[in-house]
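According to TrEMBL, the features are:
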- 30-68: domain 'RING-type' (DOMAIN)
- 100-167: region 'Disordered' (REGION)
- 134-143: compositional bias 'Basic residues' (COMPBIAS)
- 157-167: compositional bias 'Acidic residues' (COMPBIAS)
- 195-228: region 'Disordered' (REGION)
- 235-269: domain 'SAP' (DOMAIN)
- 295-348: region 'Disordered' (REGION)
- 304-317: compositional bias 'Basic and acidic residues' (COMPBIAS)
Amino acid sequence: MDATFDLPDSTDWIATSLPAFEPLEAALRCEMCKEFYSNPVITSCSHTFCSICIRRSIAADGKCPSCRTVLSSDKLAPNIAVREVVMRFQEARPRALELARAHKEQESGIEAGSNKKRKLDDTDMEDGEDVRQTRSRQTRSSRRNAGSSDAPVEVPESGDDGDEDFMPEGMAKCPICSEAMKQELVFNHLDVCTGQSSSQGRTTRSKTKTSFPAALQRQQREPSPPPIRLSTLNYSMMKEGALRKKLQEIGIPNWGSKDLMRRRHIEWLNIHNSNCDADERERRPKRQLLKELEEWENTQGGRADVKESKVMRKDFDGSGYAKSHKSDFDDLIAQARKKRAAPKPENK
């Protein structure tokens, strides 16, 4: 299969030696978008979703997609534990899946080989007594050879580390330069110790033991200030000019009707606040957030080439629509009755 269309899915584990990882990965995916959690947040009803997914859902109907509990976007909290687990699982997934697939293929090969060997053994059992005795002698000979060749070879270990740590009775090391001396001389030596050992090799070893790799040393950095989340507006109380000015202050497009600007502002709130829920190292700059808003504008906003269906609206007035188009319905009914009353042509 082309790698371009090889999309990762939890079912990838079913055909491997680790099928139990399938429900594990499924639990790390959002219930709404079916992708790995992106900036996961936990709701007041204890459900976890991607931040952008649940914020859009709350903006649409204000309810939890799982239990239909009424929710508010300002009650969402980042689920840091799930975010860390998803991040580490995604890092380990490619290598783990590769090893699981290779192990499954190896198991299949071993099983096929054992079946073939079993068939050969059944054939050999039909041979005569001489063949069995010859095989027995060969087996005993091979065991003797294997016993002599498989004997463990003892390799003397180097005693450098032991000699370095060994200290004769009555001797002690200076805690500064690691110089060995009599115990009663240590305190007087500390007053004049310069930190330089008489043995360069010993000093190097001491430095090597007491120093830590740079990768293990945590870099102390000042935490960045917490991001400021944006709050929703009372769109019904705002005039179109005030809303247009507000969008201009935020730095997003302010053209279009009031309803379009309202929808645009809601989407910007979802994108911006979702970015605030992300880890400090994963937060995106504003120019990237504006690019996401532009994608929304081209697909669902003012530039989207989508004809709205009035029939699908929640506030669709069915009775009013029927009254205004009553004459059209009457004509259609009359035409249908006329066709029904017309005699059918006889088949020759």
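We count from 1, first residue shown onward.
Glycine too: its Cβ is placed from the backbone N, Cα and C atoms.
Curation plays no part in TrEMBL annotations; they are all automatic predictions.
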Per-residue pLDDT averaged over the domain 'SAP' (235-269), given as an integer: 93
The domain 'SAP' (235-269) - residue tally per DSSP class, helix then strand then coil: 23 helix, 0 strand, 12 coil
